[in-house]
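In TrEMBL this protein carries:
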{"type": "TRANSMEM", "residues": "17-36", "note": "transmembrane segment"}
{"type": "TRANSMEM", "residues": "56-76", "note": "transmembrane segment"}
{"type": "TRANSMEM", "residues": "97-119", "note": "transmembrane segment"}
{"type": "TRANSMEM", "residues": "149-172", "note": "transmembrane segment"}
{"type": "TRANSMEM", "residues": "193-214", "note": "transmembrane segment"}
{"type": "TRANSMEM", "residues": "220-243", "note": "transmembrane segment"}
{"type": "TRANSMEM", "residues": "255-276", "note": "transmembrane segment"}
Amino acid sequence: MLVGIAFIGSYRRVEKIGVIIGSAELAFIIAIIMIHPSFSQMTQGLVTIPWRHSSYIYLVAANVGAVIMPWMIFYQQGAVVDKKLDISSIPKARQDTFVGTLITQGIMLIFVIAFAATVGNSNFSDSLSSVTDLARALAPFIGSMPAKILIGASILGGALVAALVVALAGTWGITEVLNWKHSLNEPFNRKTAGFYTIYTLAHVVGAVLVLANFELINMAVAMEVMNALLLPIVLGFLLILEAKVMPKQYQMKGVYKWVVTVLCIIVMIFGIYMIGPVIGIW
């Protein structure tokens, strides 16, 4: 299905299909309403953070890498080109990015809160290494069938969109470096054969990894940690490009500029710091 989507000859259609598929993630909002977690417990969790636990720091790095993924930046750049956006589209693009950020990260927080308020407060000790395990762990709190439907729909929606975006980001990047024709608005032909071949291979390789049943959980977490390690490079270049290349009328200004810069520096420092735990220096 994901391979076929790219061959419909229009980026905007692909984008609309992706949004429709991704909206399945919103199903998990129903789960958090059914669980109704304690606000006091959430507040307590914010002040009892095991910062000195290396495994916890590793997962924090994975979460940072999952929120700010370097390839997402490259995807957005490719999408801007394929949508043929111009300077007048900047305000709308910023609004879309802001709304999308709130929704996606909100869903991620809901997942964390839901499992912390239920499984985290129970005697559940089984492994959570598959979607089936997640549904089984949540079943005692919201029911077996609702758990299967809500977990399945939300993870399926997120996974399909992620696969689509990752494949496109990588394909755009590779074909741009090779100076090949790389647009979803162009049908499959001799000039775009390389683009569509790489896109298809990306999904084939991903499917093989999943079907081969490697340690997918550990692999996924490790990839997110790698994203965090790469952030100093990506964010550093973004700040430089914003200051040196972007027209002055579109550059960040005032308090907003300093807030964004400070937050980027904090994330970059954290990415550099994580090199130690990953390679075992500290």
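From the backbone N, Cα and C atoms, a Cβ is placed for every residue, glycine too.
Between the transmembrane segment (97-119) and the stretches 17-36, 56-76, 193-214, 220-243, 255-276, the greatest number of Cβ pairs separated by less than 8 Å involves 17-36. Simply put, out of 17-36, 56-76, 149-172, 193-214, 255-276, 56-76 has the most Cβ pairs sitting under 8 Å from the transmembrane segment (220-243). Fewer than three CB pairs closer than 8 A are found between the transmembrane segment (17-36) and the transmembrane segment (193-214), and contact between the two stretches is not assigned (pairs 6 or more residues apart). Each of 56-76, 149-172, 193-214 was scored by its Cβ pairs under 8 Å to the transmembrane segment (255-276), and the highest score goes to 56-76. Beyond the ends of the transmembrane segment (193-214), by six or more residues, the same chain brings 2-3, 6-7, 163, 166-168, 170-171, 174-175, 178, 180-183, 186 to within a C-beta distance below 8 angstroms of the stretch. Sequence-distant contacts of the transmembrane segment (149-172), counting only residues of its own chain at least 6 positions beyond either end whose CB sits under 8 Å from a CB of the stretch, comprise 1-2, 5-6, 14, 18, 21-28, 30-31, 71-72, 74-75, 77-79, 107, 111, 131, 134-135, 138, 142, 182, 184, 195, 198-199, 202-203, 206.
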